[in-house]
Amino acid sequence: MCVRISFPGFTPPVRLGRRWYAPRLSQAGRRAGRALRATGLRAEARRGSRRARSREARPAAGREEESESERAMESHRWLPLEANPEVTNQFLKQLGIHPSWQFVDVYGMEPELLSMVPRPVCAILLLFPVTEKYETFRTEEEAKIKAEGQEVKPSVYFMRQTISNACGTIGLIHAIANNRDKINFETDSSLKKFLDDSMPMSPEERAKYLETYEAIRVTHESSAHEGQTEAPSIDEKVDLHFIALVNIDGNLYELDGRKPFPINHGQSSDDTFLEDAVEVCKKFMERDPDELRFNAIALAAA
């Protein structure tokens, strides 16, 4: 499955981020393309390519043992969400989130391309391929943190993932839950109720609660049928996964329901968060330099 490309400067002119290939690129598009390939968000581009749908990753080749959470996911499966700001924004609207904050495309990681992202930004959702290299790194990272420890502030809202293909929704929950001081909720918001109910729960209890929370499941299913691609079979497996990057009380956290705990990536601030998060995204790409399937969207002030 291909990941979208969003080079600016298409010929003929089109809205940014809403075309998947171009018969010809303008000079501006070629310059942007070179910048993206050199340092930024890489994406496959071929005629007929489709916008990626986030899928919960199956274990990479060579891994003989699955974690308990991965085994649990086999019994709970949702359709994947499309990696598309229009879909995610509609999803949040249906969950009762006021549109004062909206997801937008991140076109690349060069300063000129980051300048196209509205500010402030309060969260990044990164879509990336789960490869054997990544799984090896994940295992080593977990062991190192367990041995050396890390600081995770009590204010961090984190939940595990026990539903296959729910990584997009869990990324959205992480993004909203850890920015409640900025987000405006509608009076009857089903997501606000979920967050209020689950606030005193453990990460594992929150995951179990989501399994039974019909309002979010139904909205997820409706959103999974939206977008530019046809929803795949619920049993289809693709190795793409969503995580959230959020600034919480001056620290940049990686929130991934497949991991047993948040990952603290060090100090950040509201002013520097986008650039700090981009540095984390680059590390994902550097671990798999031959991979092209990366995509990011930012939750920015509308």
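Cβ atoms here come from the backbone N, Cα and C positions, even for glycine.
Annotated region 'Disordered' per TrEMBL: 31-73, in sequence order.
Residues or ranges marked as compositional bias 'Basic and acidic residues' in TrEMBL: 54-73.
The domain 'UCH catalytic' annotation in TrEMBL covers 77-301.
Here TrEMBL flags Q161 as site 'Transition state stabilizer'.
Positions annotated as active site, nucleophile by TrEMBL: C167. In this structure, C167 (active site, nucleophile) is part of a helix by DSSP.
The local packing around H241 (active site, proton donor), expressed as other Cβ atoms within 10 Å of its Cβ over all shown chains, amounts to 23. Under the heading active site, proton donor, TrEMBL lists H241.
In three-state terms derived from DSSP, D256 (site 'Important for enzyme activity') belongs to neither a helical nor a strand segment and is classed as coil. Annotation for D256 (site 'Important for enzyme activity'): same-chain Cβ neighbours under 8 Å, separated by at least 6 residues, are H241, I243, A244, I263. Residues or ranges marked as site 'Important for enzyme activity' in TrEMBL: D256.
Considering other CB atoms within 10 Å as the measure, the emptiest surroundings among the recorded positions Q161, C167 are those of Q161.
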